[in-house]
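Asks: If you look up TrEMBL, you'll see 9-31, 51-70, 77-96, 102-121, 171-193, 205-221, 233-251, 257-282 marked as transmembrane segment.
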């Protein structure tokens with residue numbers, strides 16, 4: 001039996017309500033943008049234009065909400081991502097509210113929770129076929145146990161063929177999650193400096209502050225190549241927010257060491273993206289653009 005728009009209506013309804021509630025809070029935050037983005041000034045603070053990225057993410061999430069109503073999206077959104085999406089939006093709304101009120105320690109904690117939730121969403125997307133098979137297996141076991149050990153009819157049939165992803169899957173599901181995965185590391189570090197770092201508006205950068213900022217910049221550029229999605233194209237998208245943020249830090253900061261450190265790391269990150277683009281282009285032209293992360297995805301026997 002094929003998927004229908006009426007499948008999992010309650011989850012769809014929850015997704016819509018939670019998203020709209022978060023959107024209202026985001027609009028209110030944007031109206032008070034000066035209070036939020038010019039709260040505590042740190043030596044990691046980027047130029048405010050970089051915060052257009054979260055706005056873009058939430059616009060793409062609107063497409064996610066609409067796309068969930070189509071049967072085509074049932075497997076990936078409703079079965080795999082499932083309740084982790086409304087949880088992500090709730091955590092995001094709480095984070096924005098805490099950040100808006102300048103409760104930076106709690107904002108940092110919620111940014112870490114968002115990171116953990118995003119990791120699970122990425123896992124759900126990448127392992128979608130495996131999760132579907134696992135759920136089917138568990139359902140068979142439960143049904144067999146309820147029927148006294150007898151397997152239900154069709155239990156040993158081959159699993160249904162996995163539907164190939166299309167442009168809508170990439171645009172409304174992969175793209176916003178990838179952008180958020182790239183930007184959340186910036187929010188983690190920024191709120192950490194706001195919670196425990198010095199106020200750049202009143203205190204000069206000491207040697208330890210410069211060392212910590214340098215290490216933070218290194219973490220950002222090191223995070224860029226670590227996309228967990230199975231395609232190079234999506235992993236490039238993850239690298240974009242971090243690279244742009246490095247340029248935004250270079251533009252905003254006035255301390256010479258911090259500025260030029262950010263610029264150096266931004267150039268390194270840009271080179272990494274360029275290399276990825278070349279690999280993606282050659283992969284699309286001459287072979288597969290898939291990324292093998294571990295031995296589980298590698299073929300047991302190489303092709304001749």
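Cβ coordinates come from backbone N, Cα and C, glycine included.
Looking at the shown structure, can you explain where the listed features end up?
Replies: Proximity of distant same-chain residues to the transmembrane segment (9-31), defined by a Cβ-Cβ separation under 8 Å and at least 6 residues beyond the stretch ends, is recorded for 54-55, 58, 61-62, 65, 68-69, 78, 82-83, 85-86, 89-90, 92-93, 96-97, 100.
Sequence-distant contacts of the transmembrane segment (102-121), counting only residues of its own chain at least 6 positions beyond either end whose CB sits under 8 Å from a CB of the stretch, comprise 39-40, 81, 84-85, 87-88, 91-92, 94-95, 177, 180-181, 184-185, 187-188, 191-192, 194-196, 228.
Within the same chain, residues 42-46, 50, 53-54, 56-57, 60-61, 63-64, 66-67, 73, 76-77, 81, 95, 99, 104, 107-108, 111-112, 114-115, 118, 121-122, 125, 165, 212-213, 216, 219-220, 223-224, 227-229, 234-235, 237-242, 245 sit at least 6 positions outside the transmembrane segment (171-193) and bring their C-beta atoms closer than 8 Å to a C-beta of that stretch.
With a cut-off of 8 Å between Cβ atoms, the residues of this chain six or more beyond the transmembrane segment (233-251) that come close are 44-47, 49-50, 53, 170, 174-175, 178-179, 181-183, 185-186, 217, 220-221, 223-225, 227, 258-260, 262-263, 265-266, 269-270, 272-273, 276-277, 280, 289, 291.
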Asks: If we skip the immediate neighbours and take only residues 6+ beyond the ends of the transmembrane segment (205-221), which ones have a Cβ under 8 Å from one of its Cβ atoms?
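Replies: 43-44, 185-186, 189, 193, 197-198, 242, 245-246, 249, 255, 257-258, 261-262, 265-266, 268-269, 272.
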